[in-house]
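Worksheet: one structure, shown below.
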Amino acid sequence: MPARWLLLLLALLLPPPGPGSFGRTSTVTLPETLLFVSTLDGSLHAVSKRTGSIKWTLKEDPVLQVPTHVEEPAFLPDPNDGSLYTLGGKNNEGLTKLPFTIPELVQASPCRSSDGILYMGKKQDIWYVIDLLTGEKQQTLSSAFADSLCPSTSLLYLGRTEYTITMYDTKTRELRWNATYFDYAASLPEDDVDYKMSHFVSNGDGLVVTVDSESGDVLWIQNYASPVVAFYVWQGEVLRKVVHINVAVETLRYLTFMSGEVGRITKWKYPFPKETEAKSKLTPTLYVGKYSTSLYASPSMVHEGVAVVPRGSTLPLLEGPQTDGVTIGDKGECVITPSTDLKFDPGLKGKSKLNYLRNYWLLIGHHETPLSASTKMLERFPNNLPKHRENVIPADSEKRSFEEVINIVGQTSDNTPTTVSQDVEEKLARAPAKPEAPVDSMLKDMATIILSTFLLVGWVAFIITYPLSVHQQRQLQHQQFQKELEKIQLLQQQQLPFHPHGDLTQDPEFLDSSGPFSESSGTSSPSPSPRASNHSLHPSSSASRAGTSPSLEQDDEDEETRMVIVGKISFCPKDVLGHGAEGTIVYKGMFDNRDVAVKRILPECFSFADREVQLLRESDEHPNVIRYFCTEKDRQFQYIAIELCAATLQEYVEQKDFAHLGLEPITLLHQTTSGLAHLHSLNIVHRDLKPHNILLSMPNAHGRIKAMISDFGLCKKLAVGRHSFSRRSGVPGTEGWIAPEMLSEDCKDNPTYTVDIFSAGCVFYYVISEGNHPFGKSLQRQANILLGACNLDCFHSDKHEDVIARELIEKMIAMDPQQRPSAKHVLKHPFFWSLEKQLQFFQDVSDRIEKEALDGPIVRQLERGGRAVVKMDWRENITVPLQTDLRKFRTYKGGSVRDLLRAMRNKKHHYRELPVEVQETLGSIPDDFVRYFTSRFPHLLSHTYQAMELCRHERLFQTYYWHEPTEPQPPVIPYAL
């Protein structure tokens, strides 16, 4: 139980609040002990310390207010204490922590930087007089005014301070950046052995877990809908801060062993799963989150398995980090604490800073704790203000960038601190003794203007005349090239060596741009020497300086052993991986010292290859879509380098001795569907999904493999706003895997994305049945598809897993395309749920319908056909110890699905209080417990899931159902009181 001990250790290390924190005031008697929770949206919740339930809420302005219209975000503020982080300096060194906060900047203002930026700060205090019983604001006290106050004995005085920092550019006369930070007046935390609670807060949302500091038990869990920034208790006459720990939401769920909807009191009623020692250690990070339309930063603790951006990294590439391994549950569902091994781009590598700033939202996530910057506070006042030597920073010789608005400087070579006055003396000594005369300055400006005018006129003339001469030269070269090309074709027929004309070989730009000789795209860069051919055979003698083509074969060499090199792609012709349609051959090759698969495509298919490459570029950032590297061309072929894979899905299923390497069938299907959902989100229809086009990757560093969708040759990119495509260009796909609407003459509507869902349904059955097809043998498949004659005999109606799989596959291969679910619907289906999630779903359903009327729409839907689900009387189908225990407390109806779910929920909640024989018959929670019921009532999960679709829009059930963004909201079914 390392996770539980770790949480207890963290709770003990928290500095607890001072004495008198439980309900003591000098003039007001608290009706109950309160805890005050401040959230990022400006709310102050008065909550019960015992349960965390909200008694009342005071709503004010958000804790942070930063501009949203600036092109580049200058700083990331911390809502916990007003700390500031920069997004990088001159060298894009990533996030950097500044050694001062917004309140400290306000304290130091007014000040001015050397590049003309004025800093202005404002601090405004305000007092709120609050009715302690209702939370109503009775009076507001500020320096401007004070309302009248009615006398009361239960009043609470809360002070709040507003810090505003503004930066103004004197050159552009525009506001550069500003921020407002609010904080409640409170004393600092103190040691208090009587305070027995520790608070853990998740980053990015309002989840709070309060733990008993001594036992480590979870006292209560609440979600306050906005990130929590501070906790306070009432001591004497003022608030006093209580220390809390910010934790990643994945880590918090891991530590408390929770999943699904939170918001109820939960304690550890069963031990944690066995985890490695390393995974139980928490690491400090910096979490960058988003509130409204702006970013903020906050310290956060994470456990091993949470992806962390390395220190000094800037934004990752758009294709995302490289994933060497992902921990996924046995049933295809990501576990609560996924373990990933991510490799981020170490830097921008020459990418423009503009693109970096436009994509700064990609910073959201956990980063390694940044280094602190060595900075100096600028305190140079404008000329019309009184100057003091210690407050003046002279103009710097270098123009400071926007990221250095607060004058971020490196440490001196001897690592000794330099004071502001010393810096002033050094720079005054280097300053010129006499300013430049105004007349000399005007003469220099006039000379500059005249020279610039002449240069501009000459440049315009060059731009006008140069394209004409270049166009004439290109026409002559093109005519000459056509003549030489005719010679090539004639000499190739006679198998004679060809010597191109000297003028052509002397023009590298012509060779690089003409096309038939060389073309690189994707991640491949042009050849360093444009004169060198991009296609060569090795071993072979080097090309002669006269321009002999090295791609022609030498009579004394074995063709099968030559290494073909085209640009950055190389391969050996004997390493054939497979053959495709239209003469396509796939070789094992190399690209940038990486093993790849090389597709060699004939000229007749160049247009299809270009379309495939374009679609690969758009979609390959997903881990379950084949990765594309580059494209090269020579005179005869086009070559596409893609990710090298170990096998196809067909080999995975049909070869009995195939090493699965931990990739279970349901996990494989989940990954395939995830890749398909990604394609559909990009308006791409695959149109040829089959086992042969689903590839399995090479094992990663952890020995794991994953499924990837490949072969984009028949893909269709739909225009924006379109959801269907025409059949006029033919019927794409492979016989036996084509949806019926593609071939049916009776179908008047154009096909849609659902053709892929049909093919995926066939693939699902193929994997689960270990090689069978829902529409029979290969010769009759397509005919059976048109007739709708499917056969799912491998599924048994008395087996829970088969019932769930059959229900999903029947929807996916439905004859009516509109009845098929989307890929995102499929991913939400119980087919992929873990046993833990199944149990949580049953519990949430029981909670939802507990007080619903028997004649209400939800209960009626749940009980419709329910007697068959519970086998007429579920009480007669459970073991005797459980029957005996159920009779002790309440009466259950044996023919009611609702009562069966209620019994499951009650026994799960009171599992530790059950007799030993009942615990033994139910088994451990959650796996054995949920199997106990689903094995006896195999249709229970499927029936309940379909019945509760009425509530799919409710927040409680959004984890279990998917609804399209454009789907109309159904009428709200209110909770029964």
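A Cβ is built for glycine as well, from the same backbone N, Cα and C atoms used for every other residue.
Marked as ATP binding site by Swiss-Prot on the basis of experimental evidence: 577-585, K599, 643-645, 690-693, D711. Counting only same-chain residues at least 6 apart in sequence, those with a Cβ under 8 Å from the Cβ of G580 (ATP binding site) are V586, K599, D711, G713. Look at G580 (ATP binding site): DSSP puts it in coil.
What Swiss-Prot lists as compositional bias 'Low complexity' is 513-551.
Marked as domain 'Protein kinase' by Swiss-Prot on the basis of sequence analysis: 571-832.
DSSP assigns Y892 (site 'Interacts with hydroxy-aryl-aldehyde inhibitors') to coil, not to a helix or a strand. For Y892 (site 'Interacts with hydroxy-aryl-aldehyde inhibitors'), the same-chain residues lying six or more positions away in sequence with a CB closer than 8 A to its CB are R875, L886, D899, L900, R902, A903. According to Swiss-Prot, the feature site 'Interacts with hydroxy-aryl-aldehyde inhibitors' maps to Y892.
The annotation topological domain 'Lumenal' is assigned in Swiss-Prot to 21-445 on the grounds of sequence analysis.
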Sparsest-packed among the binding-site residues, when each Cβ's other Cβ atoms within 10 Å are tallied, from L577, C645: L577
Local confidence of the topological domain 'Lumenal' (21-445) - pLDDT mean: 66
In the chain carrying G583 (ATP binding site), residues 6 or more apart in sequence that have Cβ under 8 angstroms from it: L602, E604, C605
Lowest local Cβ density (other Cβ within 10 Å) among binding-site residues: K599, H692: H692
